[in-house]
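S.K.: Take a look at this one; I'll ask things after.
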Amino acid sequence: MNLHQNRLRKLTMTSLILGVFFIIMTILIVTNHIAWFDNAVISAVQGMETGWLTSFMKVFTFIGSSLMAVVLSALAFFFLMIVMKHRRELIMFVVAVGGSEIWNLILKNIIQRARPNTHRLIEISGFSFPSGHSMAAFSLYGAITFLLWRHIPSFAGRIAMIIIGVALTLLIGISRIYLGVHYPSDVLGGYLASGTWLMISIVLFEKYWRQPRNIK
């Protein structure tokens, strides 16, 4: 088995593991065996409520909104298609981000979990599981990180990119819990579902759409 095949095998296994954990999370939610976890985390997170922290969390909820996702996706489209002329990477980006959005709608309408109905700091409609903000953030920043990694030569630059992507994804998820519009298990489920799809998208890219690296 060569290095490329070994990489594909590891990515596929990662996708399967994340998918299994998502299924387990879904079963726990449907059978109401995770309420203790949700209640404990909600109490801890919302117990830190202050005026400035609420404003801070609203900023990150906006960063994870559909509007920002569209703006960032448009910028990524311009960069990949017009500047870099990497059309295959654009395909991977669209599959990862667009597919995650579609899966979120499908899963929400299948599971139909109601949102928390106490201590909401903002109002929002729709089903709760999995969190759309969490799925969008994970797929968007995960795809951007994966694609930019190929074009950033420095180790420090790559580490900084990972830290920024992880921080944004986590803060967007935490903001949804803090603002009272999602259970913690919604957020974790969103990460697992989107992570599964992102790994599948990367496997497809590596197997069918990958272009030669510009930077070694």
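Note: Cβ is positioned from N, Cα and C throughout, glycine not excepted.
Small disclaimer: the values here were computed from a predicted structure and weren't measured.
TrEMBL lists 90-202 with the feature domain 'Phosphatidic acid phosphatase type 2/haloperoxidase'. Here TrEMBL flags 12-36, 56-83, 90-111, 131-149, 161-179, 191-209 as transmembrane segment.
For each feature listed, report its degree of burial, its nearest neighbours and the pertinent distances within the displayed model.
M.R.: Within its own chain, the transmembrane segment (56-83) has Cβ neighbours under 8 Å at 89-90, 93, 97, 121-122, 133-134, 136-137, 140, 143-144, 147, 168, 171-172, 174-176, 178-179, counting only residues six or more beyond its boundaries.
Through the fold, the transmembrane segment (131-149) approaches residues 61, 64-66, 69, 72-73, 76, 80, 89, 92-93, 96-97, 99-101, 103-104, 108, 158, 161-162, 165-166, 168-169, 172-173, 175-176, 182, 186-191, 193-195, 197-198, 201-202 of its own chain, all at least 6 residues removed from its boundaries and within a Cβ separation under 8 Å.
Taking Cβ pairs closer than 8 Å, the transmembrane segment (161-179) reaches residues 41-42, 45-46, 48-49, 53-54, 57-58, 60-61, 63-64, 120-122, 131, 133-134, 137-138, 141-142, 144-145, 148-149, 152, 186-187, 190-191 in its own chain, all 6 or more past its ends.
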S.K.: So what's the average pLDDT for the domain 'Phosphatidic acid phosphatase type 2/haloperoxidase' (90-202)?
M.R.: 91
